[in-house]
Amino acid sequence: MVGVIFKREFSSFFATPVAYVFIFMFLMLSGVFTFFFGNFYERGQADLQPFFNFLPWLYLFLVPAIAMKSWAEERKSGSIELLMTLPVTTGQAVMGKFLASWLVLGLALLLTFPLWITVNYLGQPDNGTILAAYLGGWLLAGAFLAVGHCMSALSKNQIIAFILTVVVCFAFVLSGTSIVLNALKGFVPTLVLDMVASFSFMLHFEAISKGVLSLTDIIYFILSMFAWLAACLLIVEYKKAD
Amino acid sequence: MIQIKSLIKRFGDFVAVDGLQLEVKPGDIVGFLGPNGAGKSTTMKMITGFLPPSSGEILIDGESLAKAPINIKKKIGYLPEGAPAYADMTVLQFLHFIAQVRGFKGKEKNQRIKDVVEKVELQQVLNRPIENLSKGFKRRVGLAQAIIHDPLILILDEPTDGLDPNQKHQVRKLIQNLSKDKIVIISTHILEEVTAVCNRAVIIANGKKVFDGTPKELQQSSQFHNAVTIEFEGDKPDISQLKLAPGVTEIIERDSHTVSVIGHESYESLFPQIMDLVHLQGWHIKAMYNEVGQLDDVFRSLTKEEAA
């Protein structure tokens, strides 16, 4: 049943211009960030760090845009009443929707392959590291997306869902940066500080993108996806008829 | 069989459905009536498993909806109010999706879609996105998805709302042609619809059941049931003679040139003798007819009593 929901959601991205616009913007912006701001050529290093350094910031605004309509639209148009009276569990619906948008994000990420070809043409990069970083990027996208689906379930209004998602994701990105950690230092015990840092999407992603594919980081992303999707499920159950 | 036991639904302080008891058997086509906000849609949403009841129980074929929601949802076809659908899909894509969710594959799926498209006449809009369809077609798409799996229980929330008279007729015919061992529950504002398609009428007001019987019984509870109504040409003459006729219990003046003559229950029809009287008195009349009962009046008195 997850498969049926998944198929409907996935094709709905391509029935409207949403997926095309998203992929186009993603590819264009990732190019701009990598080559102009990331100094891809000037660095003289055969790797994709300039691209992966900007990826979280790119996702911060683009993933909420993909996620915002997932549940908000269902509730606004009333089609949620149809969906929830079909022999489908809420869990299956949540999963199907999530996987469909996650695959769109994966597709967009795959389509950055010209960057990979370029770097391989110019030098001898560590392709293992690049592969790990791509996997990390997809996991990061999934974590952002799960937050987005949860926020979309919270509000009928897509704009509100978008803003909430950006804010929450921003908090999760920032929580590992020195700005936040320095500000908190002295106020809170080290244990809390470590906890705040460990919640950061950024630290886990940076580890993977440097080629350190540790199980902890992978599990961290998978757990955060499950946690946000579980919250999403509860919110859908609770608010579906509002 | 649907058994609804002491069903209550509260939204905050507001009680939308208040201790509803109802049993619906296969073969029943129930017209579910009530003023706006009486709790019709809320009740339907609970039967279809969309809303959980605040208290009370819904059993379908002896199985509790709360315990086996998926199993029960498979038996139900539901047209929600306003016939929501996925607007960006074409009619065909949408029906394929529904058929797949309903568990059909391959040849059977295609056959089901073909049948249902013929039944509700969607051939000409199959490849159009649902968002571009007229209200009538949208409603028909909603009906199609509700009957695609030939459900034992069909629940339709205002299926003819916003349709033109031809489309209304078509939808009613469709409902009548469903096989006889099904349960159909239709909510509507249109009282004539109940007499036209239903064999049972249930009226609720303020979340409580105020009437449960056949549409005929509903008509019979009208004070104008079996009354003879006379429309005079111009203002009505002295009609004191009418009162003296045998069997007449009451004369009700409807307006300046219309009166209704109400007879005693034991008189099957007053028509012939009133006719004679009219001739005898030499009254000029425009029309004279037997009334079956004013459903509007019954509806109003039933639902107002409850509100008062």
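Placed from the backbone N, Cα and C atoms, the Cβ positions cover glycine too.
Predicted, not measured: the structure shown is a model, and the values here were computed from it.
Lifted from TrEMBL, the feature list:
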{"type": "DOMAIN", "residues": "A:51-235", "note": "domain 'ABC-2 type transporter transmembrane'"}
{"type": "TRANSMEM", "residues": "A:12-38", "note": "transmembrane segment"}
{"type": "TRANSMEM", "residues": "A:50-72", "note": "transmembrane segment"}
{"type": "TRANSMEM", "residues": "A:93-117", "note": "transmembrane segment"}
{"type": "TRANSMEM", "residues": "A:129-147", "note": "transmembrane segment"}
{"type": "TRANSMEM", "residues": "A:159-181", "note": "transmembrane segment"}
{"type": "TRANSMEM", "residues": "A:187-205", "note": "transmembrane segment"}
{"type": "TRANSMEM", "residues": "A:217-236", "note": "transmembrane segment"}
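In this chain, the transmembrane segment (A:159-181) lies out of contact with the transmembrane segment (A:93-117); the count of Cβ pairs under 8 Å, excluding pairs fewer than 6 apart in sequence, is fewer than 3.
Looking at A:50-72, A:129-147, A:159-181, A:187-205, the range that has the most CB pairs within less than 8 A of the transmembrane segment (A:12-38) turns out to be A:50-72.
Same-chain residues lying 6 or more positions outside the transmembrane segment (A:50-72) and placing a CB less than 8 Å from one of its CB atoms are 9, 13, 18, 22, 25-26, 29-30, 33-35, 37-40, 43, 80, 97-98, 101, 104-105, 112, 115, 133, 136-137, 140-141, 144-145, 147-149, 151-153, 155-159, 161-162, 165-166, 169-170, 173, 201-202, 205, 209, 232, 236.
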